[in-house]
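Participant: Take this structure first; my questions come after.
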Amino acid sequence: MPSNKSVSDAPIVQFTNCRILRRHRLQREDLWVREGKILNPEKLFFEEKGSADIQVDCKDSIIAPGFIDVQINGGFGVDFSLATEDFKSGIDLVSQKILSHGVTSFCPTLVTSPPPVYHQVLPQITVRNGGAHGAGILGAHLEGPFISKEKKGAHPEHCLRTFETGAFQDLLATYGSLDCVRIVTLAPEMKRSNEVISELTKRGICVSLGHSVANLSQAEEAVQHGATFITHLFNAMLPFHHRDPGIVGLLTSDKIPAGRRVFYGMISDGVHTNPAALRIAHRAHPKGLVLVTDAIAGMGLAPGRHTLGQQVVEIDGLNTYIAGTKTLSGSVATMDLCVRHFQEATGCSVETALEAASLHPAQLLGIEHTKGTLNYGSDADFLMLNDGLYVQATYIAGEEVWRQDASGM
């Protein structure tokens, strides 16, 4: 057997008998991995004269990029919007548990909270790679408090804020630090929001439009200043109207700057969005759809009362409400469930459903060169799934970090 020593002592793993999602198609190829990266087998054979040290029979599984959840508020009893002494152990628990859902990277999300909560929680969120300890952390998603009272949803009204004279300084004072922040959701109709959007964009932070009563021209202006995302499309925004479609109109707007793509999150749990609305959005702008769970602390727990930041919520099946109301408050759906529901509701291809939870969120965050694909040189974060899109195993950096056992657990 030819030696691999000339290039690296690290073992080469060949995953065989599988269908790989690559270049938007499931292709019957082998997947080659070394040192946490996906290898180009032609270079391996012809330049290095190398071969596999280990072979893994995937038993006809689908191999897809790991899922990326850019909006998750917590799960398994952990609420990212609560400033607790053991916050780090809580985020570690969630990052470990979501491996079974196929999530290999995520953005822990804080809903509208008082400034002291941000000041205490944000310094405890560290951007890190995934591994056996759990999914990688890409940075925080701050959903509020600069949002509309009319469309606050499950966000506590007494914590909402507006931009005053020193708009960006107001935001800095509220959050305390932007060091670990990856996404900020705000309402673009608020005065001085565009200067804030411009400043956040300059710093490489993704600005998302949501919890808003903005009309289409306000939304388009926000995009022209740098906004690139819509937080849970259809939820907590003006409903589509034919004379002014509001934020929803961004999906087919002709005022988007050249070369820019607007992405939009959707909670595909069968509760937050009617399947017909899911189909409309997907057919209008398929390359912008990003599946998000918007999961709350009650995900993975029994029905009953749980928290979402400063509020108490009640879980009834897949429905989650602010206690004593019928106001939806996040979700308890898992990402793999969202992928399956999206595929079933829209009739889209398996490839399309998988890319909505992997490639598209990676493109949104500008990390598609390392994550969200199985291209050569990418991080070897991937899933083995059966034809029903149930996750069988999760890999991060080429190492198995979760596998369904024989009992189906």
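Placement of Cβ uses the backbone N, Cα and C atoms for every residue, glycine included.
TrEMBL entries are annotated by machine, without manual review.
TrEMBL lists these features:
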ACT_SITE  D294  active site, proton donor/acceptor
BINDING   E143, H211, H232  Zn(2+) binding site
BINDING   A154, N235, A236, R243, H272, L328, S329, G330  substrate binding site
DOMAIN    62-401  domain 'Amidohydrolase-related'
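I'd like these features described in context: how deep, what's nearby, how far apart.
Facilitator: A C-beta separation below 8 Å, combined with a sequence spacing of at least six in one chain, links D294 (active site, proton donor/acceptor) to Q71, I72, N73, T109, H232, G265, I267, H272, G330, S331.
Same-chain residues at least 6 positions away in sequence with a Cβ under 8 Å from that of A154 (substrate binding site) are, in sequence order, V111, L308, Q311, V313, I322, T327, L328, S329, G330.
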Participant: Determine, to the nearest whole angstrom, how far the Cα atom of H211 (Zn(2+) binding site) is from the Cα atom of A236 (substrate binding site).
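Facilitator: It is 5 Å, counting Cα to Cα.
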Participant: Report, in whole Å, the straight Cα-to-Cα distance of E143 (Zn(2+) binding site) from A236 (substrate binding site).
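Facilitator: Just about 12 Å between their Cα atoms.
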Participant: Report, in whole Å, the straight Cα-to-Cα distance of E143 (Zn(2+) binding site) from N235 (substrate binding site).
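Facilitator: Distance between the two Cα atoms comes out at 13 Å.
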Participant: Using a 10 angstroms cut-off on Cβ to Cβ distances, just flag whichever of H211, R243, H272 is the loneliest among these binding-site residues.
Facilitator: R243
Participant: Report the residues of the chain - excluding E143, H211, H232 - with C-beta within 8 Å of the mean position of the site's C-beta atoms, for the recorded Zn(2+) site, in sequence order.
Facilitator: Q71, V111, G144, I147, G153, H155, T185, S208, G210, T231, N235, A236, D294
